[in-house]
């Protein structure tokens, strides 16, 4: 194995990791704040891809067919749309169950995932749709490894969104409220924080990020289908667990680790084992270090 | 107050609290010292009462056995066998989800393990199906160990997503390996044996009736015994269960492995019934449908789950060609049920029977009692 | 004050040590909830652990019952080291508890809740249950009878087949105690059993505590109701900031300056009045509730 090949594997891993990271962030945010595993999160990603598809199909002429500018505009609109869907989902499906047993909420999340998937299947048909945008094959050469402009562009967008989120969480009032709620929702209520609003905002942001990932995935892979969110939802969860669920920087770190692991795992075992490898790693991680790389050990209080 | 040593009342004599209650003029009408108040007068959901009635079970079994005499068309036998196998899976998953409150989203994995173990052993080595059963059980238990072992120590939501991943692992593995036949799967799986004059599918059907009948009975009885109660304690409050000396990890593990065995055995029946199996039969959709049967029927309620399973498995026969719509409605239904009727359509009843005498009269519906 | 006369005679103090807590320390992050706590509980003794909110009482309970892992220190029960053991194993050794905020199995019947306490004693396995063997029938019968007896013992009335969450609050408290008693514990830990009870119910609780003690069970009580504490305890351990500041008979505690100081601070007219009231609340008629703590978490 030569150095170029290894570098290529690293770049591939980073690229895939950037996608996982965007989705994992939403997973981790929601989990951090209301301890809910939002199974429908992967499907929000899928909705993002379909939102992009719809806009590109309808407005292909008006937008000038797949220029970077058009894609950015579509990206933003899709983010707003998916963010809104996430917000509505929380309002309709999860909020009524906030004090219900965890099992009920998990089952509701599965139901939501199902409803989104097959809602799209009803609307768009079960067959994959081809994304009406293509990227050129232009690429940069980094010490012999190839990174296409498209990949580079997407990684930069992902990086920008992640940095933006980090600043938002750390610097703004809203972000502070989110962190506070993840510590102690009851106390926040007493302190006059509008907990419902903050939770809505969390869902909006998390879903918007997943939507962005969806649009980019559609554009990059050129194909979307209604089940595309299933596997990535699982992977994003794996990434969140690796990093320490509830910890946002951890989610990104976990996503990069998972991306790299997959990249190297695929090189060693063949792509047909990629998913098995990733989930096997999830189980291994939960056995050895369930709190993740950056997670703290928390005593469950009685 | 005098010296408490001297003033002690005997354990069986109600005192203090009772007096206090009298003072308050408590509205609760109850009896002290008589054990359970028989609840013969309680109203119960008529459907719940019907399907919860012991005779109902026997009638269903009699009908199931008699089916080939009523309608022996290959189609009727096939969909009935499918429905029965689905019942087996649903009552198995009910142990995990309904009794113990653990969400298993990859239940089809155990179904696959059972079907493949049985299918591969019988086709590759020419073993009779019955001989493969112990191996199926071992394989299912090992699967349960691998997934349950690390995950059941953690918060319950981890189990949900890990099982989801496990379901995918099993399916993809079956798809990738050579000895499982790759994407083509395993075919030419033999019948249970030669039954002379009887049609093979009808013979298989009857065997399935017997096995599934026993499985339903076993799961229902398990739910009422010591272990079954421990499962419910864990579901309700793990900490409180621990405080009572219940080793919650072991108890959860028992539920998970029990579910795994039911799933594995269901897989054997499936393999024989289908004679050919392939990876797509064991996808997430299938796991989700089993869960749907359990949730709609009423988690923890054996009769409810059986009815739920029959509905979910026969619905496609009635609504052909509208699959996506059907699943969309299922998804919405899951949300609606959880919000408005989390106990399911036919809820579990506390099933308390008086200490003495028959149980028919005394079954009570606590949900109703409370309202 | 006749009720405490017995403990003053000191005969109970000579009973063998059942629970030995030595240098118990629990820290959460930077907060030390319990700091070097040491005390003993003798067989059959009734003691109370009191202290202002956040003094570490519940944390100490949680360590003894295995729900928290102590940062340092040792806990011996019945001469066996139970430090950091799993709650279930500790419970199986004969420690039962109730929780500050009721922790019943809400959707299960009253009887099933009490049967939980008997779980480790019921002789029956899964195959007995599936096959309905005579052993199964016998053990279920015994469990039901015994559950009924414990419910009678605590004076629970009302429908025992009903879901426990639908019972009135006071009744639920009683069921929780019945459940703990069904464990047949050598030591029973009660975390604020009087919280939320009305006058009559408190009187009944006092009576119940005496009858529990008569069973030979050691009772350790966390309680804010001073009347109840003074009335029922043979000995009182006072905590403040996770440390023991006093340990003695109710009389000794009542006049202990450190205790009064801890509860009320100093030179404050209102506080002095409070102190008076604490000091003079000797029977349940004069009980005085200290502010109910926000869950001690």
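Glycine is treated like the rest: Cβ placed from N, Cα and C.
Automated prediction, rather than curation, is the source of TrEMBL annotations.
If you look up TrEMBL, you'll see B:55-77 (among others) marked as transmembrane segment. Taking Cβ pairs closer than 8 Å, the transmembrane segment (B:55-77) reaches residues 84, 199, 201-202, 205-206, 209, 213, 216, 303, 306 in its own chain, all 6 or more past its ends.
Per TrEMBL, transmembrane segment is recorded for B:84-113 (among others).
Taken from TrEMBL, the feature transmembrane segment covers B:125-146 (among others).
Annotation source TrEMBL lists transmembrane segment at B:158-174 (among others). Within the chain, the transmembrane segment (B:158-174) has long-range Cβ neighbours (under 8 A, six or more residues past its boundaries) at 102-109, 112-113, 116, 143, 146-148, 151-152, 180, 185, 279-280, 282-284, 287.
What TrEMBL lists as transmembrane segment is B:202-222 (among others). Listed by sequence, the residues of this chain that lie at least six past the ends of the transmembrane segment (B:202-222) yet keep a Cβ under 8 A from its Cβ atoms are 57, 61, 64-65, 67-68, 72, 77, 80-81, 84-85, 87-88, 91-92, 94-95, 191-192, 195, 228, 258, 262, 265, 269, 272-273, 302, 306.
Only residues 6 or more beyond the boundaries of the transmembrane segment (B:253-272), in the same chain, are considered here, and those with a CB under 8 A from a CB of the stretch are 81, 84-85, 88-89, 91-93, 95-96, 99-100, 102, 104, 107-119, 122, 129, 132-133, 136-137, 139-141, 143-145, 147-149, 152, 186, 189-192, 204, 207-208, 211-212, 215, 219, 222, 227, 231, 234, 281. As annotated by TrEMBL, transmembrane segment applies to B:253-272 (among others).
Residues of the same chain lying 6 or more positions beyond the ends of the transmembrane segment (B:284-315) and with a Cβ under 8 Å from any Cβ of it are 48, 51-52, 56-57, 60, 79, 82-83, 86-87, 89-91, 93-94, 97-99, 103-109, 111, 164, 167-168, 216, 219-220, 223, 232, 326-327, 330, 333-334, 337-338, 343-349. Feature annotation from TrEMBL assigns transmembrane segment to B:284-315 (among others).
Positions annotated as transmembrane segment by TrEMBL: B:327-346 (among others).
Sequence annotations record features per position, and here TrEMBL assigns region 'Disordered' to B:350-371.
Within its own chain, the transmembrane segment (B:84-113) is flanked in space by residues 64, 136, 139-140, 143-144, 147, 152, 156-157, 159-161, 163-171, 174, 205, 208-209, 211-212, 215-216, 219-220, 222-223, 228, 231-232, 234-236, 251-252, 255-256, 258-267, 269-270, 273, 279, 281-284, 286-288, 290-291, 293-295, 297-302, 305-306, 308-310, 312-313, 348, which lie at least six positions past its ends and keep a Cβ under 8 Å from the stretch.
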